[in-house]
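Asks: Structure in structure tokens, see below.
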Amino acid sequence: MVFRKPPDGGWGWVIVVVSFFTQFLCYGSPLAVGVLYLEWLDAFGEGKGKTAWVGSLANGIGLLASPVCSICVSSFGARPVAIFSGFMVAGGLMMSSFAPNIYFLYISYGIVVGLGCGLLYTATVTITCQYFDKRRGLALGLISTGSSVGLFIYAALQRELIELYGLDGCLLIVGALSLNILACGSLMRPLESSHSPPPEKTCGDKVADQYLVYHEKEKTVEENISILEKGYIDEKCANNVPGCKQDSILNKNILSSINVNEKDTYKKKVVEHTNFCKQLAKRKWQLYLTYWKETVVLFKNKVFSALFVAILLFDIGGFPPSLLMEDVARSANINEDDYYMPLISIIGIMTTVGKLILGILADFKWVNTLYLYVTTLLMTGVALFAIPFAKSYFTLAMLSGILGFLTGNWSIFPYVTTKTVGIEKLTHAYGILMFFAGLGNSLGPPIVGWFYDWTQEYDTAFYFSGFCVLLGGFLLLLAALPCWNACTNQSPKLPPNTYSYKVASNA
């Protein structure tokens, strides 16, 4: 299907609004899971690494399943996927209120809610990119702030609900709020397809297709004769001769009474149906092979290959603070009277600011979005190294704000992906990258929790996190340097809608 030119407005702004609220409602609780994390530690008495799996699965499983989510959105459209995912998120949150142990939460909160969030994220990003071209950076920045606003509000909301109704009541109410995703999903009207007729096949292609069909029919006649005989006899016995025995004498008597024309017609139908099934299976297999061929082509792009390593390492090291920062403050013996605002709320509001500012910057022609993304990675690594030196609420709040702002680079990541591989391959490439991002999200918090269980302090864990993020940033920077193009003495043709990362020299 060929979509018409993105309108960059009109109903696209409705898509932005409903996508904002969709991400707000689905990601609010999983991103603010640090509040629930403390309650689960006290309720189940498990280790910090083991308990951290719940939040990491909720934020990582949807990204791990991104290739499947991309296929679902491509096959069924954003609207049906969003409505179905709304039921998953709401149901998973409500089921979690009845969790008897931590293992039940792995399934209800980690897998069910996480998979629903992954489907919703892919649906909102895909339909927004279809509706916007020139203002795509702004649109993606606006919808991605929904999750950050959700983190800011849900951090305080869940804490208040726990005090009023307990942990179980909190999860039930939050699950009920998530049902509003159904209303948002119903407004995700797909972009109308263009009415231009598909390109007509050449005479050679038509002859080849006709020969293929003829060859298949000729081949399948003899193959299905035996099946035809038995199937036809079984049908006649079931309909006209109740209780007939399947023996050779009765079969011969029935076959002798069949009209020749009727038998030929039945043969023709069976052959046609068999041929259709074979052709369908061949096309599906061809699509499968094409998918893997396109995947290999994507990884031949050195920037794309470095991008998947960077996003993996960034999520291993950069995601744990949003989940564990409250426990970091409690482990540092900070007085609760010094708490003016939850640290998770600070991360959430600054992530909103970061997504907006970075999204707006991405729309300027003089800004190289890849280098902007690399800068955020390197600064995040430095901030993670500074966490072990923060021993007061003020310093932790400052670092939380810095990390939150830099985490706003999620708003420009789809933009960078689009400019790297082109809009035509966005869904495919983005699904692959989100798989590695989900892997990092799933591994990061448990690794940090295991470091704490092993050393009884968070310092070593955050040194490790900072090293991972810095390593990913440096690798991506090396892959994007313009000197590689000069060394190859080649100017490879870029696919349509791609972006050259060579820095323009000033006159």
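Cβ coordinates come from backbone N, Cα and C, glycine included.
The following feature annotations were taken from TrEMBL:
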type     : residues : note
TRANSMEM : 12-40    : transmembrane segment
TRANSMEM : 52-73    : transmembrane segment
TRANSMEM : 80-98    : transmembrane segment
TRANSMEM : 104-125  : transmembrane segment
TRANSMEM : 137-156  : transmembrane segment
TRANSMEM : 162-183  : transmembrane segment
TRANSMEM : 303-319  : transmembrane segment
TRANSMEM : 339-358  : transmembrane segment
TRANSMEM : 370-390  : transmembrane segment
TRANSMEM : 396-417  : transmembrane segment
TRANSMEM : 429-452  : transmembrane segment
TRANSMEM : 464-484  : transmembrane segment
Asks: Which listed stretch (162-183, 339-358, 396-417, 429-452, 464-484) has the most C-beta pairs under 8 A with the transmembrane segment (104-125)?
Replies: 429-452
Asks: Most CB pairs under 8 Å with the transmembrane segment (12-40): which of 52-73, 137-156, 162-183, 429-452, 464-484?
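Replies: The stretch with the most close Cβ contacts to the transmembrane segment (12-40) is 137-156.
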Asks: State, in range form, which of 80-98, 396-417, 464-484 has the highest count of Cβ pairs under 8 Å to the transmembrane segment (162-183).
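Replies: Between the candidates 80-98, 396-417, 464-484, the best contact partner of the transmembrane segment (162-183) is 80-98.
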Asks: How about the transmembrane segment (429-452) and the transmembrane segment (339-358): at least 3 CB pairs under 8 Å, pairs 6 or more apart in sequence, or not?
Replies: no
Asks: Kindly say whether the transmembrane segment (464-484) and the transmembrane segment (137-156) touch, using the definition of 3 or more Cβ pairs under 8 Å where each pair is 6 or more positions apart.
Replies: no
Asks: Give me the stretch from 52-73, 80-98, 303-319, 370-390, 396-417 with the greatest number of Cβ pairs under 8 Å to the transmembrane segment (137-156).
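Replies: So the stretch in question is 396-417.
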